[in-house]
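Listed in Swiss-Prot:
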BINDING   THR176, GLY201, GLY206, ILE219, SER220, ASN221, TYR222, PRO223, LEU224  S-adenosyl-L-methionine binding site
MOD_RES   ALA2  N-acetylalanine
MOD_RES   SER5  phosphoserine
MOD_RES   SER14  phosphoserine
REGION    1-34  region 'Disordered'
SITE      ARG84  site 'Interaction with substrate rRNA'
SITE      ASP86  site 'Stabilizes Arg-84'
SITE      ARG125  site 'Interaction with substrate rRNA'
SITE      ARG128  site 'Interaction with substrate rRNA'
SITE      ARG132  site 'Interaction with substrate rRNA'
Amino acid sequence: MAAPSDGFKPRERSGGEQAQDWDALPPKRPRLGAGNKIGGRRLIVVLEGASLETVKVGKTYELLNCDKHKSILLKNGRDPGEARPDITHQSLLMLMDSPLNRAGLLQVYIHTQKNVLIEVNPQTRIPRTFDRFCGLMVQLLHKLSVRAADGPQKLLKVIKNPVSDHFPVGCMKVGTSFSIPVVSDVRELVPSSDPIVFVVGAFAHGKVSVEYTEKMVSISNYPLSAALTCAKLTTAFEEVWGVI
């Protein structure tokens, strides 16, 4: 489970000490709440088409993935390559660990293939191991929220669609795609003081296709994983906004 912290204070660890896999790390600066319609600079990332789906195995539920449940997927006529929750896990690690998030300038939403919309509390620290991540996603999808271990704070919660209802009014909404012929420098897309939404595909194959984006951009001459796309986005915003 998760536990809120009094503050993020780097320190030295002894050789055998391990970091907690799941807890809450408050941003250094106060931030606008998720879904706040007021302006103020921040990057909003939507992980679109995430493969987060539970399957019953015996008497328990597990997070469907291509490695453990290939036979189940094939039996139901589904492509095993589509069941890739690891893509969402890797992307969340990149986003939530970023200095941009620690500075209180990032908000993340996850929209799954099954049309479930998830809000990620900026104070959440994602589990490092995939097995623990899977367990928490199963809990989230069945109970609709994951709370901090020692308080009422919700670190992950299922919210109402559409995701566009949770964006600040009038903000730019940008989709990412390798198929766009002209490559854009992300730093040139960073607004000086306004919020902006970037949509990143959290799937193995295909392209982002949502109705609410106003433009599509390519940010590299090469195909990028979702996690690397997230890393390039947060790094560019950190450089322009002076987050070190």
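Cβ coordinates come from backbone N, Cα and C, glycine included.
This view paints the features noted in Swiss-Prot onto the structure.
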residue: ARG84; record: site 'Interaction with substrate rRNA'; Cβ contacts under 8 Å, 6 or more apart: SER51, ASN65, CYS66, PHE203, ALA204
residue: ASP86; record: site 'Stabilizes Arg-84'; Cβ contacts under 8 Å, 6 or more apart: ASN65, PHE130
residue: THR176; record: S-adenosyl-L-methionine binding site; Cβ contacts under 8 Å, 6 or more apart: PHE198, VAL199, VAL200, GLY201, VAL208, MET216, VAL217, SER218, ILE219, THR229
residue: GLY206; record: S-adenosyl-L-methionine binding site; Cβ contacts under 8 Å, 6 or more apart: GLY49
residue: SER220; record: S-adenosyl-L-methionine binding site; Cβ contacts under 8 Å, 6 or more apart: PHE178, VAL183, LYS232
residue: TYR222; record: S-adenosyl-L-methionine binding site; Cβ contacts under 8 Å, 6 or more apart: PHE178
residue: LEU224; record: S-adenosyl-L-methionine binding site; Cβ contacts under 8 Å, 6 or more apart: PHE178, LYS232
- Item | Largest CA-to-CA spread of S-adenosyl-L-methionine binders THR176, GLY201, GLY206, ILE219, SER220, ASN221, TYR222, PRO223, LEU224, angstrom | 17
- Note on the structure: Mapped onto three states, the DSSP assignment of LEU224 (S-adenosyl-L-methionine binding site) reads coil
- The number of other Cβ atoms within 10 Å of the Cβ of ARG132 (site 'Interaction with substrate rRNA'), counted over all protein chains shown, is 14
